[in-house]
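A.B. asks: What TrEMBL records for this protein is below:
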- 4-230: domain 'Plant heme peroxidase family profile' (DOMAIN)
- 23-226: disulfide bond (DISULFID)
- 65: substrate binding site (BINDING)
- 95: heme b binding site (BINDING)
- 96, 150, 153, 158: Ca(2+) binding site (BINDING)
- 102-136: disulfide bond (DISULFID)
């Protein structure tokens with residue numbers, strides 16, 4: 001369990017050096033180590049973050065990319081955070097692992113033309129779309145049904161994500177759109193052909209992500225437990 005790994009790491013740290021290593025640092029390091037375990041690139045993680053003094057779902061709204069965003073919307077969102085269109089494409093390569101629930105891409109595989117229930121996005125490989133229609137048939141009653149983001153090598157961090165996009169095997173609309181937009185298509189093609197370039201650019205972009213919005217000093221705290229603030233009056 002991913003949460004259990006963080007809890008165990010944090011507990012061990014608190015026993016050795018209480019109040020020093022934040023949960024934010026633990027999560028940043030755990031992310032890097034997991035990527036390496038899956039075959040991804042090493043990148044440096046700066047330490048010294050503080051944990052937030054508040055946490056609300058509302059604060060996330062508009063801060064993260066959505067599965068049905070257009071490329072122009074994605075480019076604008078990333079630009080506000082200081083990232084280029086190429087860094088957007090490189091970071092999207094994280095979808096070479098993991099999965100998405102059917103409701104995140106249902107609009108692509110059911111009723112895409114607004115009339116026929118079996119109509120799917122023509123940008124999709126037909127066999128892929130039809131297989132997803134069968135796999136997600138009961139998603140409205142069972143919201144846990146999901147599909148791998150990378151149907152070819154879902155447990156390996158590699159550049160198959162980009163090769164999949166060129167074959168119409170992108171799962172999310174926001175993924176597949178990258179190969180149709182003139183500002184992002186060249187980078188999809190580059191990373192599909194050159195995994196070394198993808199790993200290099202992904203590592204550099206992740207180093208930028210890892211210091212985005214970091215809290216230091218009195219702007220945060222080092223939580224004793226990752227699932228709770230240190231005091232109720234924060």
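From the backbone N, Cα and C atoms, a Cβ is placed for every residue, glycine too.
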A.B. asks: I need the nearest neighbour of residue 150 (Ca(2+) binding site) among the recorded positions 23, 95, 136, 226, using C-alpha distances.
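C.D. replies: Out of the listed candidates, the nearest Cα belongs to 95.
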A.B. asks: Among the disulfide-bonded residues listed here (23, 102, 136, 226), identify the one with the smallest other-Cβ count within 10 Å.
C.D. replies: 226
A.B. asks: CB neighbours of the residue listed as 'heme b binding site' within 10 A?
C.D. replies: 21
A.B. asks: Rounded to the nearest angstrom, how far is the Cα of residue 95 (heme b binding site) from the Cα of the residue listed as 'substrate binding site'?
C.D. replies: 13
A.B. asks: Any idea what the model's mean pLDDT is for the domain 'Plant heme peroxidase family profile' (4-230)?
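C.D. replies: Here the predicted model's pLDDT, averaged over the domain 'Plant heme peroxidase family profile' (4-230), is 95.
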A.B. asks: Can you figure out which of 95, 158, 226 (the recorded positions) comes closest in space to residue 136 (disulfide bond), comparing Cα atoms?
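C.D. replies: If we rank 95, 158, 226 by Cα distance to residue 136 (disulfide bond), first place goes to 95.
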A.B. asks: Of all the binding-site residues given, 150, 158, which has the fewest Cβ neighbours within 10 Å once its own Cβ is left out?
C.D. replies: 158
A.B. asks: Residue 153 (Ca(2+) binding site): which of the recorded positions 23, 95, 102, 226 is the nearest Cα neighbour?
C.D. replies: 95
